[in-house]
């Protein structure tokens, strides 16, 4: 028996923004680095301006192509973390290892989902622990009998 699951990993802080103008407004409305980075994957924060201006404008701006911000920001002062594709450590299936990848290292930025495939292959005759928490008072007697029956049926099917 082989089961395949697809895991989509995402951290959502704000709703999806579809238009470029909306993203620009969203970015420029942010007043802190944290809020800027969390607003959209397209936003970049400038912590250090290249030139002194009387009014440098917003520090949070939309990244466009190769030029993340205007020339007013230094590259060393640019805060623009990137999500990376998951680094997966694959392992062969055996009696002890029933899942692959065995390990996943994922670096994510808010609102920038990444996905990877997770494969589960249960071993034959692998022990399963099943715990039931139940009130054993007299009012639950019929439920207790039903659980005993279902537990026996479950163990036979597995």
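Note: Cβ is positioned from N, Cα and C throughout, glycine not excepted.
Summarising the annotation, TrEMBL assigns signal peptide to 1-18. According to TrEMBL, the domain 'Integrin beta N-terminal' annotation covers 26-64. Here TrEMBL flags 124-157 as domain 'Integrin beta subunit VWA'.
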According to DSSP, how is the domain 'Integrin beta subunit VWA' (124-157) divided among helix, strand and coil residues?
20 helix, 0 strand, 14 coil
Roughly where does the domain 'Integrin beta subunit VWA' (124-157) sit in mean pLDDT, to the nearest integer?
78
